[in-house]
Amino acid sequence: MRIMIIGAGYVGLVSSACFAELGHNVVCVDTDSEKIKGLNQGIMPFFEPGIKDLVSANLLAARLQFSLSIKDNINNVDVIFICVGTPPKKTGQADLSQVFQAAEEIGRSIKQYAVIVTKSTVPVGAAKKIRKIISANYHSEYDVASCPEFLREGTAIKDFMCPDRIVIGTESLRAREWLVKLHEKIECPKILTEIATAEMIKYASNAFLATKISFINEVANVCELVGADVERVAEGMGYDKRIGRAFLNAGIGYGGSCFPKDVRALHHIAEENGCLFQLLKAVIEVNSQQKWLFYKKIKTVLGNLEEKSIGVWGLSFKPETDDIRESIAIELIEKLIEDGAKVKVYDPVAMANAQKVLGDRVGYCFSAAYAAEAADALLIMTEWDEFRNFDFNILRGRMRQQVVIDGRNLYDKAVLSSLGFNYLSVGRQ
């Protein structure tokens, strides 16, 4: 099939490359001229394992192209995916201005039947507004649908090609048949539903996963008070098939471009419709407090942070990505700087993005070991495998104070204690 994807961000670019890999002809459109120029030269705008090779292969096969223009590429397109950003407003409400701008341009440019699909995360009712915008300019036949994305940064290609499910929301039988055909090579359950339900599935899914994280973090806080080990608690819970082990990882809280935004947006949707949704309010509050409980640990061990040297491992909000949006690490580093600490940082891929935010207020290190050199404390912020597998024998005698404060529970306390480190983690004695 012939596909247009509007937006060359994480979702749009990964979807473009993967649909092309499945044999479809894809044009990916974005308004950022530098990004499009780079993509046509094989330069990726972000780090995602496997994306560079996938894009390059499909550019070479002429199944994938990048463009600045919707109008010049919309003729004979079968399906149009809207994959633009929906960042949060100060109220928590999703900002749909980019979605509506895309819809307006589609309405001005489209000449024949196509299925117009929102893959961006949008609140219930967005599709109706999209239809209204398109119909103001285009008076012939088309359909609107919702196929929310469930891609995780760091495993996005695998998540696209081997998903747990594909959600197809539309009231049109014709659009449903086209979208089922489009995804026929992907073997997984296809959930066929109406648009409103499809839109809600995405928000509810992310909100539930965030709830699991906040829940286990509260359990971790109780574990510290009563002498239990949250890692063993989570393991014991996870064997129950009704619960599962995924997302029961205690730490410093969730961040990134999805969970914080989507949880706040769902809470806002509920309030707009007269529902308090007190559970989500608690999820947000718990996540906010978790990082400050971690910061309190730092202060308890080191006391006054003025002129203290602190090494930080991890800047991205999760491993296998360079994304620092709503990264807990960045927020805590800002606080450390405010309190007078001298901070040195290391991350395998996210330092360039972090430098745009932190500037010259921190030291950027070429290795994990160098970031810990002569430090009063080492903070573990992101669970990269490089950190998980680090040999702490290398750091013996090289830190000013042998303090390791682990926000991701990567290490065995007995092992680090035997090497002379004062090791603190989350939810464990």
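Glycine is treated like the rest: Cβ placed from N, Cα and C.
Since the structure is predicted, the reported quantities are computational estimates derived from the model, not experimental observations.
According to TrEMBL, the feature NAD(+) binding site maps to Asp30, Lys35, Thr86, Thr121, Glu153, Lys261, Arg325. Around Thr86 (NAD(+) binding site), the same-chain residues at least 6 positions away in sequence with a Cβ under 8 Å from its Cβ are Ala94, Asp95, Leu96, Gln98, Val99, Ser120, Thr121, Val122, Lys261.
Positions annotated as substrate binding site by TrEMBL: Phe150, Leu151, Arg152, Glu153, Lys202, Phe247, Leu248, Asn249, Ala250, Gly251, Gly255, Lys318. Classification of Gly255 (substrate binding site) by DSSP places it in coil, neither helical nor stranded.
Residues within less than 8 Å, Cβ to Cβ, of Cys258 (active site, nucleophile) and separated from it by at least 6 positions along the same chain comprise Thr121, Asn206. TrEMBL lists Cys258 with the feature active site, nucleophile.
According to TrEMBL, the feature domain 'UDP-glucose/GDP-mannose dehydrogenase C-terminal' maps to 311-413.
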Among the binding-site residues listed here (Asp30, Glu153, Arg325), which has the Cα closest to the Cα of Leu248 (substrate binding site)?
Glu153
Could you tell me the mean pLDDT over the domain 'UDP-glucose/GDP-mannose dehydrogenase C-terminal' (311-413), as a whole number?
97
So, by DSSP, how many helix, strand and coil residues make up the domain 'UDP-glucose/GDP-mannose dehydrogenase C-terminal' (311-413)?
33 helix, 18 strand, 52 coil
Rounded to the nearest Å - Cα separation of Asp30 (NAD(+) binding site) and Ala250 (substrate binding site):
38
Can you tell me how many other Cβ atoms are located within 10 Å of the Cβ belonging to Asp30 (NAD(+) binding site)?
22
Tell me, how many other CB atoms lie within 10 A of the CB of Arg152 (substrate binding site), whichever protein chain they belong to?
15
May I ask which of the binding-site residues Phe150, Arg152, Lys202, Ala250, Gly255 is closest to Arg325 (NAD(+) binding site) if we compare their C-alpha atoms?
Gly255
